[in-house]
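A.B. asks: In case it helps, Swiss-Prot gives these features for our protein:
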ACT_SITE  R145  active site
ACT_SITE  K169  active site
ACT_SITE  H241  active site
ACT_SITE  R244  active site
ACT_SITE  H267  active site
ACT_SITE  Y276  active site, O-(3'-phospho-DNA)-tyrosine intermediate
DOMAIN    1-84  domain 'Core-binding (CB)'
DOMAIN    105-289  domain 'Tyr recombinase'
Amino acid sequence: MTLEEQFLSYLKNERSYSPKTVLAYQKDLAAAKKFWQENGGFPGWDQISRRDLEIYLLATGQKLASSTLSRKLSSLKSFYRLLTRRGLVKADPTVAIQLRRGKKKLPEFFYQDEVGQVIRSLNDGKPLTVRNRAIVALFYATGMRLSELTDLKIKQLDLENGMILVHGKGNKDRYVFFDQESKKYLEEYLQVARPSLLKNEPDTEAVFLNKLGRPISSRGIAKAVQQIFQKAGLTAGAHPHELRHSFATAMLNNGADLRSVQELLGHEDLSTTQIYTHVSMQHLTAEYRQHFPRK
């Protein structure tokens, strides 16, 4: 039996939970697993870290009631308690994770100069470094989801017009745009680094490749981003989600309207985008406090 099946069997046979309750637990585990599969890859329940859980809860919490989010965390805590007790995982990643009551955590983001610092640090000219620079630049310039960037094909790129046709969630297509600086990094990758990486899969249409010349996985991209930011001295926990948050925050801080940002992010519901207005207001408040002459 899989770890999920063992847990569900335990709930049904040892705890005598109703079929409806067992199904609710099953759905909560499936939702978390699906999120990780689409945002970095699912390495197995025994490899999920506290950071993975925090990112999942942050992303999910933007569109759920606090009571629903609490239930999802409770399901994961119960699951990992059983796995830990039976020696099926070495550590419980849910330990010490708590939700703020009645208040959603604001998305973490990087400022423009911080992203610029990271991009400038990727300057040794090696194929993987050139690839990583293009990845970071595109995440920040477009606000794409990790799964969307991972699945990018050459035919989706319009370099001349600085556009990308993105195949988003629910098979919904949209266009995103990139600036001249990002175009420069992308072209350098496509013209110089990508051909040198293209070894075992000469016919692949995937834009971003791993060191073996094969399409890179979401997990590979997430790991690369984390290592890049850690090496640049900014944080040990950077994730592509935070570059997406950074894009949205930068757009709003520079005057973009909420509906436009919603379209660029591919959000179905405007309320999902509205959380970034709180981030922007927080930024504006800090700027006011710092620069207004009367304290």
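From the backbone N, Cα and C atoms, a Cβ is placed for every residue, glycine too.
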A.B. asks: What is the separation, in Å, between the Cα atoms of H241 (active site) and R145 (active site)?
C.D. replies: 7
A.B. asks: For K169 (active site), which of these active-site residues sit within 10 Å, Cα to Cα: R244, H267, Y276?
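C.D. replies: Checking Cα-Cα distances against K169 (active site), the active-site residues within 10 Å turn out to be H267.
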A.B. asks: Which residue, out of the active-site residues R145, K169, R244, H267, shows the minimum number of other Cβ atoms inside 10 Å of its Cβ in this structure?
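C.D. replies: Ranked by other Cβ atoms within 10 Å, the active-site residues R145, K169, R244, H267 bottom out at K169.
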A.B. asks: Do me a favour and check the Cα-Cα span between H267 (active site) and Y276 (active site, O-(3'-phospho-DNA)-tyrosine intermediate); whole Å is fine.
C.D. replies: 12
A.B. asks: Is it possible to get the count of other C-beta atoms within 10 angstroms of the C-beta of Y276 (active site, O-(3'-phospho-DNA)-tyrosine intermediate)?
C.D. replies: 26
A.B. asks: Can you tell me how far the Cα of R244 (active site) sits from the Cα of R145 (active site), in Å?
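C.D. replies: Cα of R244 (active site) to Cα of R145 (active site) measures 7 Å after rounding.
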A.B. asks: Which numbers of helix, strand and coil residues does DSSP report for the domain 'Core-binding (CB)' (1-84)?
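C.D. replies: Across the domain 'Core-binding (CB)' (1-84), DSSP assigns the residues as follows: 66 helix, 0 strand, 18 coil.
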A.B. asks: Could you give the Cα-Cα distance between R145 (active site) and Y276 (active site, O-(3'-phospho-DNA)-tyrosine intermediate), in whole Å?
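C.D. replies: Per the Cα atoms, R145 (active site) and Y276 (active site, O-(3'-phospho-DNA)-tyrosine intermediate) stand 16 Å apart.
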A.B. asks: How many other Cβ atoms are found within 10 Å of the Cβ atom of H241 (active site), counting all protein chains shown?
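C.D. replies: So the number of other Cβ atoms within 10 Å of H241 (active site) is 22.
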A.B. asks: With DSSP assignments reduced to helix, strand and coil, which class does H241 (active site) get?
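C.D. replies: Assignment for H241 (active site) reads helix.
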A.B. asks: Which whole number is the mean pLDDT over the domain 'Core-binding (CB)' (1-84)?
C.D. replies: 88
